[in-house]
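According to TrEMBL, the features are:
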type	residues	note
DOMAIN	269-361	domain 'Transglutaminase-like'
ACT_SITE	CYS277	active site
ACT_SITE	HIS335	active site
ACT_SITE	ASP358	active site
BINDING	ASN398, ASP400, GLU447, GLU452	Ca(2+) binding site
Amino acid sequence: MASELIVEKSDLEFEKNGKNHWTSSMCQDKLVVRRGQPFNIVIYFQDRGFEASVDKLNFIVETGPYPSEAAGTKAKFPLSDFVQEGVWAATVIGQENNVLYLTISSPPHAPIGYYKLLIETFTGSYNNIFSITGFILLFNPWCQADSVYVENDDFRKEYVLNQHGIIFQGSYKYVNKIPWNFGQFEDGIIDICIELLDMNPKFFKDPRRDCCRRSSPIYISRVISAMVNCNDDKGILYGRWDNYYMDGVSPMAWIGSVDILRKWKMSGCHPVKYGQCWVFAAVACTVMRCLGIPTRVVTNYNSAHDSNSNLTIEVYRDERGEVLMNKSETVWNYHCWIEAWMARPDLKPEYNGWQAIDPTPQEKSEGTYCCGPASIKAIKNGEVNTKYDAPFVFAEINADVVNWIKESDGDFKKLYTKTMIVGVMISTKAIGKDEREDVTHHYKYPEGSEEERETYKRANHLNKLSLTNEHSLVEDVKIKIKVSPNMSKGNDFDVFGVINNNSSEEQSCHLLMAARTVTYNGRLGPECAKTEQLSLAVEPLSGKHIVT
């Protein structure tokens, strides 16, 4: 009778598997592989080798604190004669004396995260279980059956493997770009990203369900969107916009995600001070790329913040035209979020692809400060009734700006509407080069076009929160503010108003022009110039230029 089969040791072939799975730099002391793709292990037995005629092997993989076959967080499978796709499987690829060479296959829909690998041996009445080691399973954009699959290799190199990037800031007239070290493959980052998932409130509430749902990039992206900010949880970054950063690091000082993530880990998962939109987006990009989801940082210039979900930015002014900040919504010079590439089985097939995800804490979604994923194609088509947070993202890139003015009786009347200022020059780093790629056409039809206006109407209809009962002034008189064409930063420049009277009667105007500083997120600063003309006559169907 054959003696019992004892596992002496194992070799997870870090270098070989890391190269095959594009995880080499992660595989220094652990096995990191991608789902839906086989990996190799070597088993060394004590005293004798495996004999198929007398020995039986079972393999067990488990993830999470309460692994369950029903939930997909545990699988038990025997040796197979051939490599199987779509399921957990183990196949012998070679044997030398006491050494067995195996290939392990994982399904392309398996939950990501830490796994335990165990081997169960049966020989006659002998039965033993050996813990081989653990490994980390990631999403796989190289696997056609994975929901994050992309066909283009340059695409994968840029949005999964590239550790360095460019983030765009400034304004659409004065674009500024800063370099950023995403560092998704640097030492310890993969462990921090997995710990981030384990720190999310959904895991503490129901770890079984949370680990099961980690098979979905949709679910993972919502968790990351919430966990990069700290408004509801022990998230990574504390946001601050008031220029008081003495007890932390100014958002402008960060040049990469690695220091932020390591600081969060070393502090016992306490929020790192401080972040603003590009920092939130960049850290989220690092985590998503690290987990295997193709991701890029996107900058939207003239980005609207719609706080009441009516797809309109309402600006309220007093009798002298001063903006009532406590009542008004804002348009930011720019705002950054991320796009992640994934299938959307919960939506129409045409809404697969890029999804907008915004980790900056602005408005709550399902009770939590997170945003997305919202399909970019659905946004372009005005389908704001799709998951997740489509009305908010649509407003960021295509809201109308309505200005209201307070009259002497205390009521507000609509002064004018601007339909073409929100969402311009939406930008991201181009593939393979440090240049700007304009992706505005992914989000919206050309501004002012018939398609763009029809999309806005469709979105308003679907949203069912559009403005009602508008009491508006007839826009017989319109004014445009212009600057001298040779204006340059750091130098004085001329400002003038162009007033047009489109009516058949002379109009008497009270003109007040003022200049104020403004932060990138729309907060007004002190007044730096003002001019006022109490009585200005503009003849019918004509215009006037007023130089300040």
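Placement of Cβ uses the backbone N, Cα and C atoms for every residue, glycine included.
Predicted, not measured: the structure shown is a model, and the values here were computed from it.
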Go through ASP358, ASP400, GLU447, GLU452, our recorded positions, and report the one whose Cβ sees the most other Cβ atoms within 10 Å.
ASP358
Summed over the domain 'Transglutaminase-like' (269-361), the DSSP helix, strand and coil counts are 18 helix, 40 strand, 35 coil
Taking DSSP three-state, what's GLU447 (Ca(2+) binding site) in: helix, strand or coil?
coil
Of the recorded positions listed as CYS277, ASP358, ASN398, GLU447, GLU452, the one whose CA lies nearest the CA of HIS335 (active site):
CYS277
Additional residues surrounding Ca(2+), by Cβ distance to the ASN398, ASP400, GLU447, GLU452 centre under 8 Å:
ALA399, THR419, MET420, VAL422, GLY423, LYS444, GLY448, ARG453, THR455, TYR456
